[in-house]
Structures are given as structure tokens and as C-alpha cells.
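Here's the structure, in C-alpha cells; my notes come after.
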């Protein structure tokens with residue numbers, strides 16, 4: 001598991017016969033993502049979304065090398081070094097977790113490589129540590145939480161109990177929520193990262209007199225929390241970012257998630273042509289519904305492909321400019337970059353619903369319109 | 001904290017302790033009887049949870065899933081005992097750690113291969129869903145209460161097994177002197193396989209019980225495994241009674257620490273600093289407990305050698 005490497009260039013059959021278009025140049029892309037162990041569902045979705053776009057493209061000169069970081073920062077750094085030095089990739093992408101991103105991205109961009117983030121958006125890289133070769137195609141970490149804070153105001157919550165794991169992204173999450181939320185806090189709790197028993201916290205929530213609960217517990221933590229919350233009989237409404245309610249884990253949470261409001265920059269029912277085609281083709285290719293991670297992988301690949309049409313990846317300035325204009329059909333609808341090369345985008349509020357037997361999300365409102373992250377002005381670009 | 005809340009948190013701690021006990025009992029038996037460090041015990045926990053989820057999804061019955069979890073984990077345990085573990089008894093601990101760590105990797109990737117990377121759905125059975133009102137007007141999840149009861153019954157059953165049955169006498173004898181019991185004509189190989197399968201079955205059972213409450217996913221066993229090792233070190237290696245006392249102690253200390261430390265620091269610090277220091281300290285608390293116990297009782301609370 002941990003040390004298993006997948007060099008998937010051959011397996012994923014990318015070296016198809018060259019039918020190169022007029023001026024769409026090739027590129028070698030290194031994808032470092034989490035494909036084994038805990039949290040591998042996220043990496044697999046990003047990879048599948050990314051490869052779907054690559055396979056749908058006419059540009060057959062794009063080569064993708066995929067390796068598994070097993071969610072380990074030291075492994076991610078080794079893979080990045082290898083991809084840069086011996087594989088000679090032009091572009092890096094794929095990292096899911098902020099701690100891995102912080103270990104890899106600054107050194108990769110300093111070596112003149114492009115990095116496009118399909119998931120993590122740690123605040124240092126959006127503010128003072130922004131870099132001309134770093135593009136974030138997903139969101140800055142705080143964004144979805146900020147939208148939930150704004151939503152809590154709009155529905156009149158005055159006393160939130162907020163909860164996140166005790167690690168940097170957990171603190172970013174609660175900071176993001178508090179940046180927009182204007183009411184009081186009934187409690188603010190940091191749980192141990194990876195904890196799966198929330199009986200003690202749920203008992204405190206019951207006793208706190210809160211009118212709403214905001215939590216950021218990605219992956220298995222969120223599954224455990226929602227199931228235990230539903231079983232406890234506490235009926236205070238729950239809010240969260242999409243990470244605890246994405247397509248990959250809703251099935252495991254079950255009906256306990258029904259009716260929960262969550263924030264996301266993407267939803268499968270977003271009404272635009274690119275999204276409809278994406279959802280249909282993803283389902284056809286992989287036999288499951290796409291998650292927001294898959295949509296981010298898909299957008300990242302399409303952004304790269306769009307830039308390759310206008311510029312040669314070896315000409316860094318031209319390629320950077322081509323990325324920055326972001327001339328591609330995003331599944332999110334409108335997509336543009338701010339000065340720090342992070343997205344300025346709508347963040348929607350979704351509700352967990354049941355379609356037939358399948359739990360999924362539908363958009364019920366707009367959390368923040370054309371939202372830019374709070375760190376952009378600290379960036380010198 | 002009100003009395004009712006405190007009592008609820010005590011119950012939470014007890015329930016957490018009982019699930020730890022189901023893990024630690026098997027681990028301490030295997031360590032005590034065979035002198036084997038089995039890192040793959042957490043994988044058997046995962047096997048139990050996956051078996052329960054798969055059978056419950058296929059048949060719609062949680063109870064069949066529960067039976068399947070014990071059977072699957074015991075079978076997996078017996079299988080690895082006969083193929084891998086058996087070769088390790090006479091080796092030193094480093095070899096055992098290496099081999100059983102390899103088993104973790106094999107089990108995790110095997111589960112991922114069969115069930116995929118996404119967590120499986122496993123919910124508590126309908127009759128145990130929802131809360132029950134305890135005397136004093138305190139609502140408490142029925143399922144958690146049931147876990148406490150079941151854990152107590154398992155502890156009682158293990159006590160009777162070890163203290164009152166012929167198998168138990170042999171297990172204790174194997175713990176005390178394995179050459180002698182072999183010389184007396186007891187088939188030690190079969191005995192070891194049985195003990196290992198028993199421990200594995202308990203781990204699988206714990207995995208299924210907890211899986212319904214938490215999430216069934218690859219890698220779920222390892223965090224519990226670490227806690228189970230803490231429990232058997234505190235309790236005294238090889239002692240079921242020690243494992244029971246230590247797991248309840250660890251469960252209650254951990255739960256109450258998580259709840260009370262942040263508010264304790266809040267008395268003299270600003271809330272956000274108190275929160276982060278309190279939560280960081282509370283996650284260390286059981287290791288502090290282990291260190292303190294080892295200072296005063298280096299062989300654990302219930303020592304086997306004296």
C-alpha cells in the first residue's frame with residue numbers, strides 16, 4: 001500500500017498515435033496524488049477527472065506520468081524530485097493535501113516548473129508565497145468555509161458550535177467560517193486528526209444550546225461524525241463544506257446526511273453545457289457519479305489543454321499568460337483567476353437529497369458570488 | 001459541566017474503553033501466550049468491518065454481518081497463523097514486526113482491491129438506532145449502550161473461558177511454560193492457532209461493532225491498534241484482566257480529557273489558545289497515563305510475573 005508506485009503512463013495508454021493539431025503542442029505532465037491508503041478516494045477522483053479530459057482531447061502529444069504519494073509528504077517530495085530531474089516533466093499537478101502541497105510546490109516552482117493545484121489551496125501560497133508559476137484551479141482552503149459562514153448569516157443563525165480537526169487546514173476552516181459568520185459561538189472545538197469517535201463532542205453540542213453546528217471533518221472523520229450525530233437524537237441543523245458530503249462518501253454516510261446544507265464551487269446539477277457533458281461522460285467512463293474532486297481534476301486538465309493550444313510549454317512566459325487567461329469551458333461555468341492566480345468564482349450552497357436510491361447534492365442557493373480569497377492582497381503579483 | 005453531562009461523558013468513555021478491550025484482549029493473549037508482536041491485529045479489525053458491511057449490504061441483515069465479521073476475521077487469523085505467523089515464534093521481535101507490518105500492507109491493498117477505495121456503508125440495525133432516555137432524562141444512543149453491554153458479556157465470557165475451561169488451563173499453561181506443556185502432550189501448534197483465531201475473531205467483532213458507528217474504510221485498524229498496544233502495556237502484557245482495567249481507564253481518561261482540558265485552560269487563557277493547547281494536550285493524555293503507570297508499575301497494572 002504505502003510503497004506501491006504506479007507509473008501509469010503506459011497503463012493509461014496515453015502514447016496514442018500522434019494526430020497533432022495545427023499548433024497544439026505537447027507537454028509532459030507529472031501527477032502526484034494519493035491513490036492508496038486513507039484518503040485515496042480523493043486522489044482517485046482527481047486522477048479520473050483529469051484523465052477523462054486528457055482522453056477526450058484531440059491533443060495526443062500530452063503525456064501524463066502518475067505516481068502515488070500515499071499521503072506522505074516525504075514521499076511526495078521524492079516523487080517530485082524524480083519527476084523534475086529524471087522524467088523532465090513540464091508541469092506538475094495532482095496533490096490533494098495541503099501539508100504535501102507545502103512540501104512540494106515552493107521548490108517545484110522555484111525550479112521553473114509549473115504547478116496547477118487541483119485540490120489543496122494553503123493560505124501561504126495564496127498570499128505572500130504566491131508564485132508566477134503556481135496556479136490554483138480549485139479554491140483557496142478558506143473559501144468553502146467562508147461561504148458557509150455567509151450562509152449562516154443569511155438564514156439567521158446566531159449561535160454556532162464549530163468543530164474541526166487540530167491541524168492547519170482545520171484551523172483555516174474555522175478561521176474561514178468566522179471571517180464571514182457574524183453571530184456568537186456556542187463552542188469552538190479542535191478534535192484530534194483522524195479521530196472517529198465523537199460521542200464526547202456530540203454530548204457537548206447537545207448541552208451547548210447552539211442553534212447550528214458547523215463542522216469540517218474530511219473523509220472518514222466526517223462519515224463517523226454524521227452517523228453518530230444522527231443516532232444521538234440531537235436535531236440542531238448541521239452545516240459544512242462539501243468535503244464531508246461529496247459523492248465519494250455520501251454512500252457511506254447514508255440517510256444520516258439527508259437535508260444537510262454544504263458549500264461547493266461545483267455541483268453536478270450546475271446548468272451549463274460543459275458540466276452536463278462532464279457528468280454524463282464521467283458516469284459512462286467510470287460507472288459512478290463524479291465528485292467535486294473529479295470536477296477539479298477535469299477543469300485542471302482542460303485548463304492545461306487550453307493553454308497548450310495557444311502557447312508552447314517550453315516558452316514559460318507565453319504559457320503562463322495562456323494559463324492565466326483561462327480560456328476553457330469550466331464545468332463551474334465562469335472561471336477566472338485573480339491577481340494571485342487563485343480562482344474568483346461563485347460558491348454555492350447545496351443540500352443533500354436522494355435521487356432514487358442514490359444520495360447526492362442539489363444546489364439550493366448561492367453562498368458567495370464571484371468570491372476572491374482573503375489573502376489575494378498580500379500577494380505581490 | 002453539569003452532572004448529567006458528566007455522566008454522559010463517563011458512559012462515552014466506558015463505551016470507548018469497551019471497544020478498545022475487544023481489540024486489546026486478542027492482542028494481549030497473542031503477545032502473552034505466544035510472545036508475538038502482531039501489528040496485523042488492526043488489519044483483522046478491518047477485515048471484520050468489511051465482512052460485516054459486505055454481508056449486511058448483500059443480505060440486509062446487520063446480525064448476519066456481525067456473525068460474518070467474527071467468522072471472516074477468525075478465518076483470516078487462522079490462515080495467517082498457519083502460513084506466516086507460525087514461522088515467527090522463534091524469531092526475534094524485529095522479524096515479527098517486519099512480517100506483520102507486511103501483512104498490514106497486504107490486507108489493506110487486498111481490501112482496496114476487492115472493495116475499492118471508497119468507504120463502505122454500514123449502519124446500526126434499526127432496532128438499535130436512535131437514542132433512549134436514561135433515568136434522569138438523559139438521552140443516550142441505544143447502540144452505544146448495547147456496545148457497553150456486549151463488551152461486558154465478552155469480558156465475562158473470556159474470564160470464564162480462561163479460568164474455568166480446559167482450553168483456558170492450556171492457554172495459561174502455554175503462557176507460563178511452553179516447552180513443558182508441549183512435553184505433556186498438548187498439541188501446542190493447534191492451541192496457538194486456536195488462540196490466534198480467537199483473538200482475530202474478537203478484533204473482527206470489534207471492527208464490525210465500531211464500523212457501524214464510525215466508517216468502514218481501508219486503514220481503519222491502525223489508529224485503534226496503537227491504542228490497543230497502549231492498553232496492553234498499561235494493563236500488563238498477557239493479562240485479560242489487566243486489559244479490561246486498562247482499556248476502561250484509557251477510554252475514560254481520553255474522553256474526559258478531551259472534554260475538560262480545553263475548558264480547564266480556558267479559565268486562565270483566551271479561548272482559542274486554550275482550545276488548541278487543551279486539544280493538543282488531551283491527545284497526549286493517554287501516553288502520559290502510560291508513562292506514569294510504567295514509572296510506578298513497570299510491568300503494567302496486572303503483572304503476570306509476580
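Any Cβ shown, glycine's included, is placed from N, Cα and C.
Checking the ranges B:70-89, B:170-189 against TrEMBL, the transmembrane segment annotation falls on B:70-89. Long-range Cβ contacts of the transmembrane segment (B:16-37) within its own chain (Cβ-Cβ under 8 Å, at least 6 residues beyond either end) map to 44-45, 85, 88-89, 93, 96-97, 100, 147-148, 150-152, 154-155, 158, 171, 174-175, 192, 195-196, 198-203, 205-206, 209-210, 224-225, 227-229, 231-232, 235, 237-240, 242-244, 246-252, 254-255, 304. By number of Cβ pairs under 8 Å, the transmembrane segment (B:44-64) is matched best by B:101-122 from the list B:70-89, B:101-122, B:142-162, B:225-252. Counted over residue pairs separated by six or more positions, the transmembrane segment (B:225-252) shares fewer than 3 Cβ pairs under 8 angstroms with the transmembrane segment (B:70-89), which leaves the two as not touching.
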